[in-house]
Amino acid sequence: MRIKRLDITGFKSFMERSVFTFDEGVTGIVGPNGCGKSNVVDAIRWVMGEQSAKNLRGRGMEDVIFNGSENKPPLSMAEVSLTFIVDDTDQLAPQYQGFSEVTVTRRLFRNGDSEYLINKTLCRLLDITELFLGTGVGTKAYSIIEQGRVGLIVSSKPEDRRHLLEEAAGVTKYKARRKAAERKMEATDANLLRVTDITNELEKRLDALSRQAKKAEKYKKLKARMRDIDLHAATHRQLELMAEKKMLQSRLENLGSEERESLDRVKELEETITRRRTELEAETAALQALAAEVHTLESSLQRDTQEMTYGKRDLEETRARVAAAQVELDGLLARKAEMSEAMAAREAELSGIAGSWKEDEVAMQVAQEELRRVSQLQTEVALRLEQERAGLVAVATRLANHESNLVNLARQRGDLGARRAKLQGELETLRAQEQTLENVRGDVAKRVEDTRHLAAELAERKGQEEDALTRTRAAFTENEIEVIALREELSDKRSRLSTLEDIQKNYDGFDRGVRAVMTRAGVQAREQGIFGLVADVINVTPRYERAVEAALGERLQHVIVESRDKGVELVDYLKGHAEGRGSFLPVPALDTLPAPLEPDFSQPGVLAHALREVTCEEALTPLVQLLLGDVVIVQDVATARAWTESGGPACTLVTVEGEVFRPDGTIVGGESEGAAVGALQKKREIAELATEVARVEERYNEILTRHYTLQKQMGHAEGVLKGLAKNQHAEELNLASQEKDLHKAGEDLARVRERVRALEVEEGQLTQSHQALEHEEEASRGEVAHGQADREGREERVKQLVSEQESLRLRAETANGELTGLRIKVAAGSERGESARKELDSLVSQRQDMETRITRLQATVVEGGARVEELARRTTDTEGGLSQRAEEHRLAAEGLEARRAAHTTASAEVREQDATFRELRGRVDELMQGLSQISLREREIALELEHLAAGIRERHQVELANELHKYHMLAALAPETEAELKDLRAQVEKMGEINLTAIDEHAELSKRYDFLTAQKKDLQSSIEQLKEAIQRIDATSRERFKQTFDVVNEKFQAIFPRLFGGGRASLILTNEGPGGEPGVEIVAQPPGKKLQSVNLLSGGEKALTAVGLIFGIFLIKPTPFCLLDEVDAPLDEGNVGRYNDMVKEMSKQSQFILITHNKRTMEVSNTLYGVTMEEPGISKLVSVRMREAGAANDDKVTAA
């Protein structure tokens, strides 16, 4: 396997598509520094799967996309394709064997999306990595050696150097398999841990479910016994409540009569009491009015007495307050005179301080004015200085700009001249490319049209197949709906049929004796002389089922036997086994029966003779005639009454609704109960359901067959459609690729044409620009001279302003010192004046307070004297009216006592009547309470009966009334049975929550546990197998590495003297490193030196040693190709010659691609590619075959 071709588009500096074709032997890539030669190496590494942007000399992977230049915009995609020629000796993956060429492609879009392709088919990065495993080719293999990596080989750690020999030994694919096995083993360990956790959990659940299942079985037995006791107790309690209810109704009538009599007497006495109470209330009102009058007089007397006492006390207190106020007033007037003298002294002191302070303040204002003038001058000088300095900076900046502009203008004129010369050559090249691209675009356009036609045909066929598949899916959906509907219908009917058959088979609802006899007889009933129940052997017209059921009644569950003796035998059986009761009908002889009745159907409402509407087997015809020979079916009750009243023949009349009129006058009607109800209907329903089930099953099978047919058709159609979609996708990809090529060809052509036009315009612009530059250069020289003169003048003015600013600073410091001294003196005088003013203000405030107090005391003395005179007058008036009110109070109190005695007598009479009324009313209340208690008890009984029935219905899903007949003849529960029920309830409650599904869950969980246990064993076995596989891989890897190491060491020892012209070198295995594997150390002894570690050699010696190691590896495991990037750079002329000899020798086995600057290395190349950068930032490719060009072109190639 060798490289045939390398296609680069939009990768790094290769904006346009560049194609490198590599033949056998040696291919050289040359060019000046920075032209993009190493980008070729990066492109090969990148397309082979390199994922590190750092290894590609970038910060991020998007850096590999062409990022634009001065004249070219950035591209949106980078694409590199590497084509290999494959021969029979190459060991590739099975899917790539048989190909003569393999093309690996990688694309990266600026939005971050990427694609990997092998032979134009999308694949994974892993597929590309596996393609090169064990071949020595790869991003980290020894087939690609850059200049930096040469030094890295000799300076890296022994453990890292080991990777080269592992690649040569083919160990990398084993390590990849080992890592895959380890990952698989980790996943298996995780699965085993998960399965173990699940099985452990299942073991716990199994133990719990086992206990729950046993508990559930015990629970069912307890509940069955509790149900029987519960029903027995409930039925007897219902009978007791019903008896109590009847007794209460009798008592209710007796108490009602007595209550009515007592109520009449209560009403009469109540009227008398009401009249007497009205009279007493009037007397009470008069008594209260008189009492209120007495109370008013008494209160007035007490108030006057108290008022006189308070007046005297207030008079004394007022006199005392007036005397005290007069004393205080005299003292305040004396203090006021003293305070006026102190205020006059403080005012004199304050006047002296104010005169001195004003003189100091005037001096301070003069100093402040001086300081303000100096500060204003400083500000003006500083502003002018700043302006001059800013102008000086601006002048200097302009001067520097003009001087720089002169230098730039000179350089630009030189660049313009070189550019004009280059444009002429580029225009000629572009015109030739334009014609070539025109031809390419025509060829691609034809291929695109052909592919579009094929894609359209595939799309049309795919549309037809999709339509057919849509129709098939619609039919399948409709059929699926019908299948589901029929399945549900069939399930419902089967369930109903099974239920009815189970009821019929188990004789559910029939008497216990009937069930016992029929169950005992089983399927051999006929052999035992038992024909079955009456309901089982007859078939009735559906219209008259209800009428015949009503006519037969309980006889429907009579057992038909062959003889009377058989009937007696069965009765004995029931008695002997305590299996309840049963009725048995022997089949009579036909000649012993009377002739059947012939009804008159001409009468209105007479519908049918029951005997004619019933069929049975011939042997049982006499029995049916016996049962129904005299039964006539009529329309309704009115028809039956008309038959009887008209004197019709004696017979049993039955209406279609089930009312029965018997010859003896008995009339039967209402809702039927018991086992016979609906027996004939159930029997007919069973037959109809069986027929319906058969019909639905037949239809279901037909639909199901069609379902499978449509499913197969749909699967086939989906397969065809999938194939078409795959073909269409392939053609679409092909079309997209071709359209991309067409678009690219168009873009290339447009770009070339646009470039030609741009270059022509640019050539004209260059001439104009050259003339403009000359004029601009002359103007810049004048500006420089003017700027220099301006700068000198401004520098002189700045010096003068700085001197003036310093003088003003000293003057300001002096003025500021004087001002500070004056401010201190003024502040001291101000402080003394403030203290004196505060004392004066305090005296003024005290005098004002004192004057206010004097005014208030003078008012108090005047008002107090007036108050004393008023109080003395009021006390005299109060003493005169007090004796008159005392006499009025005495007379009113005597009248009140007489009125109270009369009121007491009347109240006693009313109380006696009230006692009689309460006694009679109490009796009425007792009667009403008794009636209420009886009514309440009746309601309680009704509620208890309802609750009892609801409880039985809820607990056992049966109606208590239907169970009454089973228990009412039995004795009440014995005390020990009640105790047993309590014990059963206690056991059930003690059992706690019961999982009734535990048995089924236990079985299902056991099954799952067994399955997971088997899975666990399989996982454990798988882990052991993986461990063995890893051990085998390790053993094989160690063996192959050791063999390769020995051979490479031998070759290295032979090559080293050839490269150095003598000396010796070898490889040594070091102790095992952190990974448990030994490293590889290099020791070398160049000619004339001691044996030493390779790290101690010079740069050139290190490079040559590394080359020797690589060539040693090549001798035992040559790779399909080898790419050496400036490996010869550190070598001198002699070493380069020996290096080239080795390359020529090994190029017979492998393909060599050399990137070099060395002319001697170029000479050994069969083909040279020159990489140039005629336009900044864009690499361009030229090539020469050395054997065709000859030595005469050597200088030209080197220049490229």
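Residue 1 is the first one shown; counting continues down the chain.
Quick reminder: no glycine exception, Cβ is built from N, Cα and C everywhere.
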Quick check on the annotations: Swiss-Prot lists coiled coil for one of 651-678, 735-762, 1127-1154. Which range is it?
735-762
Labelled coiled coil by Swiss-Prot, one stretch among 595-622, 679-706, 931-958. Can you tell me which?
679-706
From 73-121, 171-219, 367-415, the residue range that Swiss-Prot assigns the feature coiled coil:
171-219
Per Swiss-Prot, the range holding coiled coil, considering 888-925, 1002-1039, 1040-1077:
1002-1039
ATP site shell beyond PRO32, ASN33, GLY34, CYS35, GLY36, LYS37, SER38, ASN39, criterion: Cβ within 8 Å of Cβ centroid:
SER13, GLY31, VAL1171, MET1173, SER1179
Any residues 6+ beyond the ends of the coiled coil (1002-1039) with a Cβ under 8 Å from its own?
166, 169, 171, 174-175, 177-178, 181-182, 184-185, 188-189, 191-192, 195-196, 198-199, 202-203, 205-206, 209-210, 212-213
Between GLY34, GLY36, which of the binding-site residues has its C-beta surrounded by the fewest other C-beta atoms within 10 Å?
GLY34
To see if you understand the setup: which same-chain residues, six or more apart in sequence, place their Cβ under 8 Å from that of SER38 (ATP binding site)?
ARG57, GLU146, ASP1125, GLU1126, ILE1155
Could you tell me which of these binding-site residues, ASN33, ASN39, has the fewest other Cβ atoms within 10 Å of its Cβ?
ASN33
Which residues of the same chain, at least 6 positions away in sequence, have a Cβ lying under 8 Å from the Cβ of PRO32 (ATP binding site)?
THR1172, MET1173
Quick check on the region 'Disordered' (763-795): DSSP residue counts for helix, strand, coil, in that order please.
33 helix, 0 strand, 0 coil
LYS37 (ATP binding site): tally of other CB atoms within 10 A of its CB:
21
Applying a 10 Å Cβ distance cut-off over all chains shown, what neighbour count does CYS35 (ATP binding site) have?
18
